[in-house]
Every structure is written in C-alpha cells, then in structure tokens.
C-alpha cells in the first residue's frame with residue numbers, strides 16, 4: 001500500500017502540466033497546505049482567466065468572463081462592459097440627496113425671480129400712491145391697491161419657501177407651514193379695509209362731483225404703470241423654457257387626480273406662473289387707468305370716469321382675493337385639496353397587490369401645495385409577510401404619483417368583523 005509520499009509525488013506531477021488551471025465547475029478546489037506557493041503562482045482568487053499571454057486563454061468565455069480580458073484584477077473595473085437589456089430596463093428613482101439638491105436649485109431660481117418682482121412691485125406701488133395723491137385720482141390708488149394684493153401674494157410665496165427649510169420643533173411638530181395661511185388672512189383683511197375706504201370716497205365723488213383731477217399727472221402715472229407691468233410680464237414669463245417630457249405611466253393621463261400633466265417644465269414654478277397671471281391682470285387694469293386718464297386729460301368734463309374705474313377695479317380686487325380666502329378656509333378646516341380626488345386615490349390603493357380593503361383615508365393640507373395623507377389598509381389573508389412590499393408601493397403611489405408631502409400608512413392583516421350587539425341598544429330597541 002502506497003504511503004503518503006506517493007500521493008504527494010503524484011500530485012506534484014499533475015501540477016507540472018502546462019494546462020492552465022481555470023475556475024470552472026469541473027475544477028477541484030484543493031487548497032491544502034501540501035501545495036507550495038510556487039505551485040499556485042499562476043492562480044489568483046480574483047482572476048477569472050489566469051494566463052500571461054493570450055495563447056493560454058480559452059476561445060470561449062469561462063465563468064462569464066470575456067476571453068480578451070487582461071490578466072489583471074483591476075481590468076475588470078477599468079473596462080466598460082455593455083449593459084444587457086435587463087440592466088437597461090431598470091430605472092432607479094433619484095436618491096434623497098439628488099432630489100434635495102434639485103429642489104434647492106429650483107427654489108433658489110424661484111426666489112430670485114420673485115424677489116426682483118416684489119421689489120419692483122413695492123417701488124411702483126409707492127410711486128402710484130404718490131402719483132394718485134398728487135393727481136387726486138382714486139383710480140390710480142385703486143390700481144395701487146390691486147398691486148398690493150399681488151405684492152402680498154409674492155411675499156407669502158417667499159415666506160412659504162423660507163419656512164419650508166425650517167425644521168419642526170417639539171412644540172410645532174408639523175413645522176411652521178401654517179404661518180403662511182395666517183399671513184394670507186392678515187393681508188387680505190388689510191386689502192379689504194383699504195378697498196372699503198376707496199369705495200366710500202368713490203361714492204362720495206359720484207354723488208357730489210366736487211373734485212378736480214390733474215390729468216397730466218394721472219396720464220404720466222398710468223403710462224408708467226403700463227410699462228412696469230409689461231416689464232413684470234417679461235420677467236415672470238416662463239414660456240421660453242425648454243420642455244423636458246418625462247411622462248409617468250403609473251396612472252392614465254385622464255386621471256382626475258393627477259397633480260401635473262406629466263411635463264417637467266425645467267424650472268417652471270406654480271408660484272412664478274401665478275405671479276405672471278397677476279401681472280397680466282395688472283396690465284389690463286393699468287391699460288384701463290390709462291384710457292381713463294387720457295379721457296380726463298383731454299375731456300375734463302368726463303371726470304366721472306375716475307370713480308367708475310374705482311368700482312370696476314374694486315370688483316377685480318375682490319374677485320382675485322376670493323380664491324385666497326377660499327383656499328385659506330379649506331386649509332384651516334383640513335379639507336381635501338381641490339386637485340386631489342379621494343375616491344380615485346382609494347381605487348388606486350385598492351389596485352395594489354395583496355390589499356384587501358382601504359379602511360380609512362384622510363387627506364388634508366398643511367399649507368398651500370403641501371398635502372398630507374393617513375391611510376389604513378387591510379391585507380388579504382395569508383399575505384402578512386408581504387407588508388413591506390405593500391407599504392413601499394402605497395408610499396410610492398401617494399408621494400410620487402399624487403404628489404403628497406407626507407404620508408402615514410397603517411397595515412394590518414385581514415380580520416373578519418365580529419358583529420357585536422350593544423346591551424343598551426338592544427334593551428332600547430325592545
């Protein structure tokens with residue numbers, strides 16, 4: 001019987017074979033101490049093909065490695081291998097850092113535009129008040145009042161952007177988003193007080209007609225107002241940006257509760273678009289004041305045009321501020337935002353796999369544009385182990401598809417309801 005020495009000699013003869021040792025399914029994994037380091041000089045645990053020249057490499061891939069790869073461990077990292085179709089089909093959502101960086105960049109640009117617009121509004125509003133006082137024109141002052149509403153809206157938007165960066169405290173765990181709502185109420189009340197004063201003066205002028213208007217000052221002020229509002233329109237106009245179509249096919253395009261149409265308008269902002277719409281309204285009003293000033297300048301006997309413009313512009317101010325009041329009331333009463341449909345959201349949640357029922361769904365707004373949801377769902381019997389997957393899908397649906405700011409999802413396994421009879425109700429019914 002051969003001893004251990006014969007076995008060692010046999011293995012050493014096998015190691016002297018010129019055939020390279022590759023890592024494949026048929027190779028033996030023998031890492032015993034009996035083999036010296038010289039015997040393993042051509043083996044590296046990180047290499048797929050161990051060969052010093054191309055002649056030793058096989059013509060077919062071994063263990064998924066390309067035969068033309070260099071005999072260097074780092075070559076696998078340096079080469080750009082083509083991705084397969086399955087790898088290309090994977091679409092990863094951007095990480096939180098990327099989303100935050102993109103949001104900060106967008107907010108910075110929005111703040112710059114709105115700050116410039118607010119400064120221009122403030123300067124010209126003061127100029128209109130001075131010009132209206134010098135011309136003794138209520139129409140000019142009413143136009144300045146309308147500009148005050150637009151200035152208040154821009155200031156509230158800037159306040160909301162500033163508050164969004166503030167962290168919640170132990171006292172105010174939701175943050176300070178509702179401060180925007182409080183500021184909106186105060187600004188609207190101030191506008192209504194000033195509008196009431198101007199309407200009272202307009203009625204007195206209509207009745208008594210004992211006033212004179214400086215047509216020259218009124219005409220110059222109105223002309224400057226038209227020019228300023230044209231500048232504001234160009235400043236706040238966003239129609240010249242490039243469209244980046246990024247359609248989401250999670251929901252049908254005719255969904256009644258889609259937050260956006262699927263277009264990503266670059267640095268497009270609802271706040272800037274709202275300010276642009278207000279600027280267009282101011283432009284129309286300024287043109288009306290300019291026409292009235294032209295009439296009064298060349299036909300002083302038609303000075304009744306001044307209080308008439310005050311009546312018309314007061315209605316315009318009331319119409320533009322009514323939406324602010326309504327949105328404020330809905331937020332305070334914790335109503336569902338107008339752009340969301342509770343029934344459609346519930347149907348979308350029910351379409352998630354392994355969801356048995358949506359027991360409760362509450363949606364409200366912390367402030368304008370920041371919706372919050374709490375949902376309670378039951379899972380179908382036997383699917384309790386999939387709760388993480390269901391929770392992830394529901395969270396993605398609420399945050400990404402419907403644009404929620406925050407959401408809380410409660411899941412529980414299916415439990416058949418047990419009908420319980422209250423003793424008091426039973427006794428009263430009998």
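Glycine is treated like the rest: Cβ placed from N, Cα and C.
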Range annotated as region 'Disordered' - as stated in Swiss-Prot, picked from 245-264, 285-304, 305-324, 325-344: 245-264
Out of 91-111, 217-237, 364-384, 385-405, which range is noted as transmembrane segment by Swiss-Prot? 217-237
Are residue 140 and residue 275 on the same side of the membrane in Swiss-Prot? no
Selected residue, Swiss-Prot feature phosphoserine, from candidates 36, 55, 75, 89: 36
Would you mind listing, in sequence order, the residues at least six apart from residue 282 (Zn(2+) binding site) in the same chain with a Cβ closer than 8 Å to its Cβ? 143, 146, 147, 150, 225, 229, 232
Other residues with Cβ within 8 Å of the Cβ centroid of 146, 150, 278, 282 at the Zn(2+) site? 121, 147, 149, 279, 281, 285, 320
Going through 114-134, 179-199, 276-296 one by one, which has the most CB pairs that fall under 8 Å from the transmembrane segment (217-237)? 276-296
For the topological domain 'Cytoplasmic' (165-178), could you work out the same-chain residues 6 or more beyond its ends whose Cβ comes under 8 Å from its Cβ atoms? 331, 366-367, 370
Name the residues of the same chain, 6+ apart in sequence, whose Cβ is under 8 Å from the Cβ of residue 278 (Zn(2+) binding site)? 149, 150, 153, 320
